[in-house]
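Novice: TrEMBL lists these features:
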DOMAIN    1-110  domain 'C2'
REGION    168-246  region 'Disordered'
COMPBIAS  207-216  compositional bias 'Basic residues'
TRANSMEM  327-348  transmembrane segment
TRANSMEM  369-398  transmembrane segment
TRANSMEM  404-426  transmembrane segment
REGION    458-480  region 'Disordered'
COMPBIAS  458-470  compositional bias 'Polar residues'
Amino acid sequence: MAHSGEPWYLTIVRMQGIPFARQDKSWRPRVTVSVVGMAHSHSTDLGCDGQNPNLKLPLVLYDVDRHSKLDIKVWHHARTKKKGRKPHLIGSAYVTLCELSRMQKHSEADVGISLRCPPPQKRNPSIKARQANSATLIARLRPPPLSPSLTSETTLVAYEDDSVCDEEGFEEELLSDASRNTTPAPCTDKSPVDIPDILPDTSASGLKKRRKRTKLKPYSLDSDDEASCYSSSESSRPATPPPHQEQYYSYYAETGLETEYQAEMTFGDDLDSYCPAILPQHIGESPEEQRPLSLIKLMVDMFAPFREMSGPGCDFASVLGRLTTEWYAVGGCLLAMAALNAAVFGYSTPTLIDIDSIALKARSAQDVYGTYFFFCLTCRFPTLCLLVAVCALLAFLLAVAWGAWSVAVLVMCCAAGVLLTLQYLVYGAHRTVNFFVWLVWRAGRACDGLFRATPPAGSNQALPGQTAAQVTPPGVTRQT
């Protein structure tokens, strides 16, 4: 539908029932109105008491029609621009301009728009006491005047099937007004009225010509005059409808849906009383009959609410509340039993309880085979259970910490591992350095021994371990 050139004017008057509002002059509510499908939005600031001080400055909405949807939100914001003072959403609404115009009795009347309020961020008794059931935004809408082209008799207004405002009540009111203002035209011929196939020329309005459907003459039972009027709907139609109703009657004149419309208006209100509920309340089974439970399910239902939870109208919140109360009671009983057992077994044997031969046999570590094998298998079972519980708790804490801050978990785990194994790391590094030093020392000794193994040629110098006679060359007599 094309948008009219005239704008719509929306005035925010006041707001009632503001929940969680801070009674401070620096905090004030702000109303933002944005048209769905458009980028721009409008806003206005209210006073600390919820009143609009600028009633003479309405919000001007351009390029909208009666089917345009408005997204209205009310924020609680601070007037000072400081960090940490972010606006909070205290209510929102989603309406169309047609709904606002229908709720408005006349052009200057105020309209109450119900807002959906989010829950409070902080739950305490003071906020709960000041919480209102619902917040209402009082506004005033002024639609543009009708265009002359819409009131022309030759204008054919297109009908939109997806309209959200052409409801049955509005159309019924139009039909009733038309039937009161006009009288039925007398029938002068027994043949049906010939309706022209082609509408008059609508070239001035720029719309295409549309062919009208001819209506068939219905039978008149239990009557001698077969040339009576066609139907009560045709007789009640005004000869010249008012300009603002022409678009609705033109649509019914083209499609011939008066009979269907009247039947829908006749039986629409009492349809629930004639027709029972045909949709089942749950999936998989009919609401009339329930499948019988098997033996195993019956045994489970004896100590658990299996039948109640399998029913179609189960209130899971109440079941969870009862089970939570039961779990708390059982947990307290278990703690009391553990304390009682610790107190009983903490006393010395002869002072409180007399132990006979059977009890002594049960307390002995020797099994029926005369060995201690089974005792050794079970003596560390409590420690094993404690180890499993500690490991499971550690894995849970690591998983939660990893999901919150994975980098910190890696750093802390590495740091903890390094600190716990620091002495072993230092000892290993020390032994490794000593090993490399020993390898270098052995390599140096090997190279030194290799160079000193053979003396140079013609040298008479005795090697270590040689005497002077061994050094004297042959043919030379050594003088003593």
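The backbone N, Cα and C atoms fix where each Cβ goes, and this holds for glycine too.
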Novice: At a C-beta cut-off of under 8 Å, are there same-chain residues at least 6 beyond the transmembrane segment (327-348) that contact it? List them, or none.
Specialist: none
Novice: Residues sitting near the transmembrane segment (369-398): Cβ under 8 Å, six or more positions beyond its termini, same chain?
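Specialist: Sequence-distant neighbours of the transmembrane segment (369-398): 409, 413.
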Novice: Do you know the DSSP helix, strand and coil residue counts for the domain 'C2' (1-110)?
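Specialist: The domain 'C2' (1-110) comes out at 7 helix, 46 strand, 57 coil.
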Novice: Is the transmembrane segment (404-426) packed against any residues at least 6 beyond its ends, judged by a Cβ distance under 8 Å, and which are they?
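Specialist: Here the qualifying positions are 398.
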